[in-house]
Amino acid sequence: MAVHYATVTWEQLHRDARALAAALVPKMPFKGIVAVTRGGLIPAAIAARELGCRLIETISVVTYDEEEMGKPQIIKSPDAAGDGEGFLIIDDLVDSGVTARFVRERLPKAYFACLYAKPAGKALTDLFITEVPQDTWVLFPWDTAPLFVPPLVSNKKECAE
Ligand SMILES: O=P(O)(O)OC[C@H]1O[C@H](OP(=O)(O)OP(=O)(O)O)[C@H](O)[C@@H]1O
Ligand SMILES: Nc1nc2[nH]cnc2c(=O)[nH]1
Ligand SMILES: [Mg+2]
């Protein structure tokens, strides 16, 4: 279980998604992108803009069943992508690799790219941008909000005290 957090800001996410797109240019052309919903949607949109790709398909895989890791289930199939030939799959991250393995079984000929990868799942990717330790939980910008943080010294006390 993750014991550390890595907070990713919108700016960092945008930079990393652009870096992913830049690394994908030599792999072009792609017929289209398959975004792994939901986490892959925003990285896929940024990469699609950079790569001039307008055909976007989605695959939705549910791996957790009431907090338990269950058997992965496809609840939305990427029908436009066939067996994945010529397609680029984009997700936000691989952790255990369960989602990536399942998606690859469904789209065996596609190229799999993501922004962040933990050691247990990284071998399932063709490309990732940043490795994250296994014990670290990535907090995406859509997971977080700015919070008031109280000052170190209470304003009831005088500075000179
Ligand atoms: O390698 P794994 O252990 O399978 O974990 C990685 C997956 O987990 C997260 O998705 P999640 O299933 O939480 O759904 P979401 O994208 O809809 O948030 C993340 O977006 C990856 O798709
Ligand atoms: N937000 C988020 N979702 C995950 N799903 C599996 N691992 C992670 C992670 O580190 N962060
Ligand atoms: Mg996901």
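Every residue gets a Cβ built from N, Cα and C, even glycine.
All TrEMBL annotations are machine predictions without curation.
Source: prediction; values computed, not measured.
Lifted from TrEMBL, the feature list:
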BINDING   Arg38, Gly39, Asp91, Asp92, Leu93, Val94, Asp95, Ser96, Gly97, Val98, Thr99  5-phospho-alpha-D-ribose 1-diphosphate binding site
BINDING   Asp92  Mg(2+) binding site
BINDING   Asp95, Ser96, Gly97, Val98, Thr99, Trp137, Val138  GMP binding site
BINDING   Asp95, Val138  guanine binding site
BINDING   Asp95, Val138  xanthine binding site
DOMAIN    10-145  domain 'Phosphoribosyltransferase'
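Proximity of the binding-site residues (Arg38, Asp91, Ser96, Val138) to ligand 2: a Cβ under 6 Å from the molecule is found for Val138. Rounded to a whole number, the C-alpha distance linking Thr99 (5-phospho-alpha-D-ribose 1-diphosphate binding site) with Val138 (GMP binding site) is 16 angstrom. All protein chains shown were included, and the count of other CB atoms within 10 Å of the CB of Ser96 (GMP binding site) stands at 14.
Listed binding-site residues: Ser96, Trp137, Val138. Those with a CB atom under 6 Å from ligand 1: Ser96. With helix defined as DSSP H, G or I and strand as E or B, the domain 'Phosphoribosyltransferase' (10-145) counts 47 helix, 49 strand, 40 coil. All protein chains shown were included, and the count of other CB atoms within 10 Å of the CB of Trp137 (GMP binding site) stands at 15. The two recorded residues, Ser96 (GMP binding site) and Arg38 (5-phospho-alpha-D-ribose 1-diphosphate binding site), show a Cα separation of 17 Å.
For the domain 'Phosphoribosyltransferase' (10-145), the model gives a mean pLDDT of 96. Taking the binding-site residues Arg38, Asp91, Leu93, Asp95, Val138 in turn, the residue surrounded by the fewest other Cβ atoms inside 10 Å of its Cβ turns out to be Arg38.
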